[in-house]
Amino acid sequence: MWILGIKPSPCHCDYTATRHFLGALQKLPLQACNTGVRKVHTAPLRTLFLLRPVPILLAAGGGYAGYRQYEKYRERQLEKLGLEIPPKLASHWEVSLYKSVPTRLLSRACGRLNQVELPSWLRRPVYSLYIWTFGVNMTEAAVEDLQHYRNLSEFFRRKLKPQARPVCGLHSVISPSDGKILTFGQVKNSEVEQVKGVTYSLESFLGPRACTEDLPFPPASSCDSFRNQLVTREGNELYHCVIYLAPGDYHCFHSPTDWTVSHRRHFPGSLMSVNPGMARWIKELFCHNERVVLTGDWKHGFFSLTAVGATNVGSIRIHFDQDLHTNSPSYSKGSYNDLSFVTHANKEGIPMRKGEPLGEFNLGSTIVLIFEAPKDFNFRLKAGQKILFGEALGSL
């Protein structure tokens, strides 16, 4: 370059020197350093350039998971002592990290795997392991013979004997499914309890009000709270009940009362775990996850049932809604789609009788009831109790 009369720039000289230096380092052989006690071998520096982030991420993730398990163990020990544990909410980065896990893809893969037909000789050991792990009561199943179920999906969606779940006729609202009562009570300040001490927004959960005639509630008013807009009759209150379905529970859900379904709203979203521990950890967990909201009315006003998806539970089925497709490969964040069951041919919607089959999950998940009722409505429940489909939730 001097021959051309051009002086090389300092940056070019630094870059050339650095390149030669790194090239020399990569050619260094494996060396042994004598410490006087034993030989310590040092790898050439070129191996540093071959490191990949996957092992580091796995190690960090394993350590974090271990820490979380220790925290859960400590909480269980404190609960045994009768001490109340204040919820410790996840930070924004922890929620973002969890949501970055491809749970929707994993759930679709599990769904495909569950539909693979098992050979006859493998069915009994596989199902027996599941029964032992999750405490499934097969004496209640309509078909107790494990050889009858061709795949895991059929086993998860097994039917019960007619007498296994008698429907309570004395109370106005029954449990739509088997499960564990997480929380229940009145909706206050447009916030709903997820678990004790952790709430989520009623409007975020049900979605913005649509100003259409087919919805069971009137158009929104800017001066009213979202809760007040759902209460259609003077003197009524808004109530809620959250039921968690464990993997070993009966996976179908039924109509909790006599009501008419007039509208469906489907929210695509994440598929994070909804077990009670996660519900205590992640605020507005149910608003993050995929869910199907059915709204309508019963004899006391507004009524809704929401089926919330979870990890490995991307498939939510509503028996009378053939257009519903959950856990699609792609979706727009924050989007939702509406379907009205009120048409020119059917101006009432879909009538449902108490105890009538309504839908099903492919594995355990969560059911959320939000409904309007008079002030003297009383729940007959205790938080944390086990409940079966058909048993009373409450009445006037």
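Backbone N, Cα and C define each Cβ position, glycine as well.
According to TrEMBL:
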type: ACT_SITE; residues: S365; note: active site, schiff-base intermediate with substrate
type: MOD_RES; residues: S365; note: pyruvic acid (Ser)
type: TOPO_DOM; residues: 1-50; note: topological domain 'Mitochondrial matrix'
type: TOPO_DOM; residues: 70-396; note: topological domain 'Mitochondrial intermembrane'
Count the Cβ atoms, other than its own, that fall within 10 Å of the Cβ of S365 (active site, schiff-base intermediate with substrate), considering every protein chain shown. 33
Roughly where does the topological domain 'Mitochondrial matrix' (1-50) sit in mean pLDDT, to the nearest integer? 49
